[in-house]
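Student: Can you keep this structure in mind? I'll have questions shortly.
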Amino acid sequence: MKLKAYNDGVASKTAQKKWSENMTEVAFITGAGQGIGEAIAKRLVQDDFKVEIADLNLDTAQKVADEINHQKPDTAFAVEVNVAKRDQVFDAIEKTVAHFGDLTVLINNAGVAPSQPILDVDEKTLELADKININGTVWGIQAATEAFKKLGHGGKIINASSQAGIEGNPNLTVYGSTKFAIRGITQTTAKELAPLGITVNAFAPGIVKTPMMMGIAHDVAQEAGESDEWGLKQFSDGIALGRLSEPEDVAAGVAFLAGPDSNYMTGQTLVVDGGMVFH
């Protein structure tokens, strides 16, 4: 929901209503060509959003956009973007505004999840994770904020943290550190951007049935000389609800953060992990 920025940094209920009536919500979602990002895009379309499917792989992004448009024409648009490249992120955001005429929500979902013991971590692994997970989040925040300002309204920024960014896990030093960092970025930018009518929140999934999660479980198993099933079990044993998360579980939480019911939330991380960590 669009929030009109006032000098005192507070968007009134009247202004919120004014900016939402007869206006379409537009979300830019990175890493939306598969997994959680794809589920988020499809859920938001159900909630009457238009969505930009941004992904490093244009083929998968286009496939998702085509599936959405087949069900609900002219609601999805695909764009190729490497979130580690600042200019590409800004360009992709500009394409979103040009195509849909607006932008109201940014979802920084793209990421990588390296898994290795601390003694095996090298510069290349650290640099790649930082460029995509941390830098990509910062570039997205910058680009969306500039777009919101030009469009004359506030907006919502939603960043992907993780259960691994709430509590440390063995062999996830690199991945976990980036997700802890994203929580910090979320809190600091929430305070900084509040006067512009922009809220910044994060979501922290647990063990989700995605290609990326299957890859992490495989790597952990390989390090231990065990099967992939064993690797997955190391993560799933502690889930209170007794099952792995589906991408749609996470998408439901993100839909809440993207919608009007979360207007009075900022700087928070919504944990959607089935009961893995309690704080």
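Placed from the backbone N, Cα and C atoms, the Cβ positions cover glycine too.
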Student: Can you match one of D55, D87, D91, D130 to the NAD(+) site that TrEMBL gives for Q34, G35, I36, N109, Y175, K179, P205, G206, I207, V208, K209, T210?
Tutor: D55
Student: Does DSSP give V208 (NAD(+) binding site) helix, strand or coil?
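Tutor: SS state of V208 (NAD(+) binding site) = strand.
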Student: In terms of DSSP three-state secondary structure, what is the assignment for N109 (NAD(+) binding site)?
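Tutor: Looking at the DSSP assignment, N109 (NAD(+) binding site) belongs to neither helix nor strand, so coil.
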Student: Where G206 (NAD(+) binding site) and Y175 (active site, proton acceptor) are concerned, what is their Cα separation in Å, rounded?
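Tutor: For G206 (NAD(+) binding site) versus Y175 (active site, proton acceptor), the Cα atoms are 13 Å apart.
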Student: Expressed to the nearest Å, what is the distance separating I36 (NAD(+) binding site) and Y175 (active site, proton acceptor) at their Cα atoms?
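Tutor: The Cα atom of I36 (NAD(+) binding site) is 17 Å away from the Cα atom of Y175 (active site, proton acceptor).
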Student: Starting from each candidate's C-beta and looking 10 angstroms out, tell me which of the binding-site residues Q34, N109, T210 has the most other C-beta atoms.
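Tutor: Sorting the candidates by Cβ neighbours within 10 Å, the top entry is N109.
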Student: Helix, strand or coil: which one is Y175 (active site, proton acceptor) in, per DSSP?
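Tutor: Once the DSSP labels are grouped into three classes, Y175 (active site, proton acceptor) ends up as helix.
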